[in-house]
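Report on one structure; see the data block that follows.
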2 protein chains.
Amino acid sequence: MSNKKAIVLLSGGLDSATVAAIAKAEGYDVYALSFSYGQRHSVELTAASRVKDQLGLIERRTANVDLRTFGGSALTDNIDVPKDRDEDTMDSDIPVTYVPARNTIFLSFALAYAEVIGCKDIWIGVNALDYSGYPDCRPEYIAAFQAMANLATKAGVTEDDKMSIRTPLLNLTKAEIIKAGIELGVDYSLTISCYDPDPSGAACGHCDSCYLRKKGFDEAGVVDPTRYRETGD
Amino acid sequence: MSNKKAIVLLSGGLDSATVAAIAKAEGYDVYALSFSYGQRHSVELTAASRVKDQLGLIERRTANVDLRTFGGSALTDNIDVPKDRDEDTMDSDIPVTYVPARNTIFLSFALAYAEVIGCKDIWIGVNALDYSGYPDCRPEYIAAFQAMANLATKAGVTEDDKMSIRTPLLNLTKAEIIKAGIELGVDYSLTISCYDPDPSGAACGHCDSCYLRKKGFDEAGVVDPTRYRETGD
């Protein structure tokens, strides 16, 4: 009998690699979906490709969605990525690295992919603890997307088994995510989390994403395998 | 004082042109959003451009979203567009011209656009009467998308005025839509509804969309301004 299918949104970062490993460990055939969306850190797509190979995923597709059509984010515009921010600020503000409606757009594409391959489970590495500043990482948002997805699709109209949006990292700290991934054999040296890496993929070490990742390895008591840029900044 | 902003999903067809005219008549500054999604009837984008000019809309952006990444529809794949179908079949089945998650993807892009320009009203020409076969044209789907949108965005987190998905055509027949549009000065000769037009934009006259459009003009008692192909089929 064939396995159940899972679509995993795979950015090439630490979180999504862990999600892919969790889905696989739960017995799913994993179909990875990445996005080329005009992100300045597009080198993460090569990381996604490495992760796909390391974890033995079924396939990986990259959807081209040019979010620069609208702009409005430091990740796609010529706005500086904030560096060395205060952690309290990270928690309370919606940062300029927020990309308008990004998770909604990404999950919508996953929904199309799911309908076409006959998959009911879409996995995404959102995290409510470490990224509380992003509205589309909150559990109530995910629940609302799932409800909408079941009305949007053929599945919702004609079948009993419903679409499910799976968020295994939702309430984990970064350290807990890292420990879970290591137990499942994820090689984090292959992943890139930095919002502003150099073309080789070396991390800046100072953006919010680098800060949270570093802190996660530290709190997990695991040696940080991240390759950082050797610059004076 | 500046007008309120509305984003209108403008395909270049009869319905979306009418929606743009209604939004304008209600005092909105209309920002049109079109999609290049690998549709075989991409000539509709030139129709959208003509409609934008005729109605005096503020701007029109075209987002490139290659839905052929997933396939699964006669509108994007090498599947024949059904011709001369029985009307009962149209009502009961989900047709092969259904594009998986298309409205969800389109509305998600509109949501990104809305956040960036500070707009709270997204207008879409879905219609529950004439297209009952598409799950993502049902009122319960639209309500669920709106609920999700308010949790997905900065607006939902930080402001009182919520995102609204406006569907003025939802319960109108095609004939009622046409009568409303003509009253508002829409020039339907500029629009293209056909799923399978020739490169010049001439309609096939036999697909579901042509059938419903023809019937609408007939029932409205209005001369059909559509340019049909002069072929033997």
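Even glycines carry a Cβ here, placed using N, Cα and C.
As recorded in TrEMBL:
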type	residues	note
BINDING	B:Leu10, B:Ser11, B:Gly12, B:Gly13, B:Leu14, B:Asp15, B:Ser16, B:Ala17, B:Thr18, B:Val19, B:Ala20	ATP binding site
BINDING	B:Cys194, B:Cys204, B:Cys207, B:Cys210	Zn(2+) binding site
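Location within the structure of each feature annotated in TrEMBL.
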{"residue": "B:Leu10", "record": "ATP binding site", "CB count, 10 Å": "32"}
{"residue": "B:Gly12", "record": "ATP binding site", "CB count, 10 Å": "25"}
{"residue": "B:Leu14", "record": "ATP binding site", "CB count, 10 Å": "28"}
{"residue": "B:Ser16", "record": "ATP binding site", "CB count, 10 Å": "27"}
{"residue": "B:Thr18", "record": "ATP binding site", "CB count, 10 Å": "26"}
{"residue": "B:Ala20", "record": "ATP binding site", "CB count, 10 Å": "31"}
{"residue": "B:Cys194", "record": "Zn(2+) binding site", "CB count, 10 Å": "26"}
{"residue": "B:Cys204", "record": "Zn(2+) binding site", "CB count, 10 Å": "19"}
{"residue": "B:Cys207", "record": "Zn(2+) binding site", "CB count, 10 Å": "25"}
{"residue": "B:Cys210", "record": "Zn(2+) binding site", "CB count, 10 Å": "22"}
Expressed to the nearest Å, what is the distance separating B:Thr18 (ATP binding site) and B:Cys210 (Zn(2+) binding site) at their Cα atoms?
17
Give me the sequence-ordered set of same-chain residues, not including B:Leu10, B:Ser11, B:Gly12, B:Gly13, B:Leu14, B:Asp15, B:Ser16, B:Ala17, B:Thr18, B:Val19, B:Ala20, with a C-beta within 8 angstroms of the centroid of the ATP site's C-beta atoms.
B:Val8, B:Ala48, B:Val51, B:Gly125, B:Thr191
Helix, strand or coil at B:Cys204 (Zn(2+) binding site), per DSSP?
coil
If you measure between the CA atoms of B:Ser16 (ATP binding site) and B:Cys194 (Zn(2+) binding site) and round to the nearest Å, you get 14
Pairwise Cα distance for B:Cys207 (Zn(2+) binding site)/B:Leu14 (ATP binding site) [Å, integer]:
15
For B:Leu14 (ATP binding site), name the DSSP secondary structure in the helix/strand/coil scheme.
helix
If one measures from the C-alpha of B:Cys194 (Zn(2+) binding site) to the C-alpha of B:Leu14 (ATP binding site), what distance in angstrom results, rounded to a whole number?
10
Taking only the Cα atoms, work out how far B:Ala20 (ATP binding site) lies from B:Cys210 (Zn(2+) binding site), in Å, as a whole number.
21
